[in-house]
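Undergrad: Here you go, one structure.
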Amino acid sequence: MQTLSEQILSRAAGRTVMAGEVVTVDVDLVMMHDSLSPSIIRVLHEELGAERVWDPERVAVVIDHVAPAASVQTAEKQADVRRWVKSQGIRHLFDVGRGISHPVLVEEGLARPGMVIVGSDSHSTAYGCVAAFGTGMGTTDIALAAATGRTWFRVPETVLVRAEGRFRPGVSAKDLALYAARRLRADGATYAAVEWHGVEFLSIMERMTLATLSIEVGAKAGLVPPVFAEPGAILPSARAEVRRSALQPDFLQVQAGARYSQVLTVDLDRLEPQISAPHTVDNVADLSELGRVAIDVVYLGTCTNGHYEDMAAAARILRGRRLAPGMRMLVVPASAQALQRATADGTLMTLLEAGATIGTPGCGACIGRHMGVLAPDEVCLFTGNRNFRGRMGSPQANIYLASPEVAAATALTGYLTHPQEVEASLPSQV
Amino acid sequence: MARVWIFGQDINTDQIVPGRYAPYMLKNEADLRNYPFVEHRPDFAPGVQPGDLIVAGNNFGCGSSREYAPLALRLVGVGAIVAPLFARIFFRNALNLGIPCFTADLTSTLRDGQEVELRLEEGVIVTDEGQHIQLPPPPAFLRDVWAAGGIVPFYRQYGRFPGEAR
């Protein structure tokens with residue numbers, strides 16, 4: 001009996017493998033983004049001596065980390081990457097505005113269940129939202145994978161997070177993930193994979209919230225089993241073939257008797273909104289434990305919580321209300337499809353009418369490079385995945401991580417706020 | 001002799017090199033050598049000497065996949081890193097760049113600023129007080145990668161991945 005990671009890596013290795021073994025596997029997809037592509041291209045050609053990538057159909061390049069370019073240097077490097085992509089015959093280039101690599105590759109149907117996907121981004125665990133074994137690597141590993149179509153892994157043990165029940169109002173996938181970080185700690189799943197069970201009711205992008213945060217407990221991969229309550233309704237914006245591809249592959253399923261190194265059971269019916277306070281992701285408390293924390297800017301975005309679902313959740317709370325005096329709220333959609341969907345159904349207008357503003361789909365200020373970096377002593381409520389000191393700009397800034405629901409409620413009051421407090425105390429004008 | 005630089009636990013890659021100091025963001029990429037721990041510990045880059053030893057707490061290098069974090073450490077010549085646990089991506093990146101990483105907790109054994117001798121081939125640290133500290137050897141399948149000087153020379157020499165049958 002095998003975990004999902006053991007099943008996927010067995011198929012990729014061409015033999016049955018179990019946790020602890022070191023294996024060389026074929027990779028199905030290599031993702032690289034603008035921030036590391038220049039160095040990957042250099043290592044590929046100058047150090048490894050490869051002239052071509054092993055398979056241009058299985059390399060995806062995404063310009064999301066500084067998109068659009070913020071300086072002459074970044075613009076020049078992006079131009080170099082575009083020229084290289086063309087020279088290599090790579091079709092899967094997703095340029096400025098298409099969005100963050102992780103949702104984009106899922107929307108495009110390039111990331112599919114059972115695949116082994118390596119990306120030049122630590123949040124490549126994201127592909128676990130469609131039950132792919134996605135993992136982040138650095139420049140040299142990605143260059144080697146792009147040159148050979150292969151890489152090596154130690155087959156990970158698996159930490160099982162088993163959710164029971166349903167979220168209460170104002171509580172969502174982010175709270176489950178932050179609670180898991182609170183219990184497992186920042187190193188709790190190092191060298192292991194995380195499997196998230198009991199979340200069949202979540203959409204693909206809500207699952208991505210769990211999958212991306214798996215790296216924040218050190219995990220190599222973070223997989224949600226490919227089981228769906230309503231197969232047709234997983235990715236309403238995606239093409240039909242993508243929706244079909246999200247279905248369960250024959251070889252991949254949760255097997256009774258698979259061995260888990262640790263099991264964490266979470267009762268969703270009792271889960272409160274969780275807040276990750278500065279400066280580590282596992283510094284988590286119930287919102288109700290924190291007292292009054294004043295916030296200067298609310299930032300809704302990233303591969304963790306910048307999806308259509310997250311904008312819609314915020315819009316439900318912001319509808320007919322206005323941001324607190326002096327509050328800034330930045331919304332940076334995770335992908336162009338998410339933005340289009342939010343535009344089509346009025347979600348975007350609701351956000352704008354409340355006083356929020358919008359940025360180009362992409363990584364935005366998550367890496368502190370542009371589009372909303374923080375000043376010393378500013379306090380940001382961030383729906384993203386890291387609150388490390390200096391992450392979003394000044395090392396003297398403070399970042400609190402929370403759900404999009406808490407983000408919206410906080411934008412209305414100016415301090416960390418439970419969504420239900422807003423519903424009770426601030427009447428909607430609609 | 002090498003100087004010991006003590007760091008705490010959960011040192012993340014944003015502390016090693018903030019994203020704002022990535023080669024991607026720099027006019028001159030060679031400037032990366034000025035930025036290891038630029039905000040977390042501003043005395044490190046000006047003071048570090050080739051061969052110096054980083055001795056850190058648990059979960060060193062957690063966070064992003066940025067290889068320029070260990071690259072910055074290699075550019076200033078860090079001789080080895082010792083920590084009880086390394087974050088996975090950082091460990092691979094350091095291995096790939098040929099930076100020796102030893103899994104041990106020496107944060108309360110050694111002092112910041114202490115002078116030691118690192119005997120890499122024996123895996124021994126000899127302190128200025130004459131104490132011999134034996135470091136646990138890296139896993140066998142990785143030893144050859146360090147010996148080769150990183151994954152690129154290893155792959156070019158052997159044409160295989162670590163742990164793969166010869």
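Cβ atoms here come from the backbone N, Cα and C positions, even for glycine.
Curation does not apply to TrEMBL; its annotations are automatic.
Per TrEMBL, the features are:
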BINDING   A:Cys303, A:Cys363, A:Cys366  [4Fe-4S] cluster binding site
Undergrad: Could you find out if DSSP has A:Cys363 ([4Fe-4S] cluster binding site) as helix, strand or coil?
TA: coil
Undergrad: Compute the centroid of the Cβ atoms of A:Cys303, A:Cys363, A:Cys366, then list the same-chain residues not in that set whose Cβ lies within 8 Å of it, in sequence order, for the [4Fe-4S] cluster site.
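TA: For the [4Fe-4S] cluster site, the extra neighbours are A:Asp64, A:His65, A:Ile100, A:His123, A:Gly301, A:Thr302, A:Thr304, A:Gly306, A:Ala334, A:Gly362, A:Gly364, A:Ile367, A:Gly384, A:Asn385.
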Undergrad: Give the number of CB atoms, excluding that of A:Cys363 ([4Fe-4S] cluster binding site) itself, located within 10 Å of its CB.
TA: 31
Undergrad: Return the residues near A:Cys366 ([4Fe-4S] cluster binding site), defined as same-chain residues 6+ apart in sequence whose C-beta is under 8 angstroms from its C-beta, sorted by sequence, else 'none'.
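TA: Listed in sequence order: A:Gly301, A:Thr302, A:Gly384, A:Asn385, A:Arg386, A:Arg391, A:Met392.
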Undergrad: Are there any residues at least 6 positions away along the chain from A:Cys303 ([4Fe-4S] cluster binding site) with a Cβ closer than 8 Å to its Cβ? List them or say none.
TA: A:Ile100, A:Ser101, A:His102, A:Pro103, A:His123, A:Ala126, A:Met208, A:Thr212, A:Ala334, A:Cys363, A:Asn385
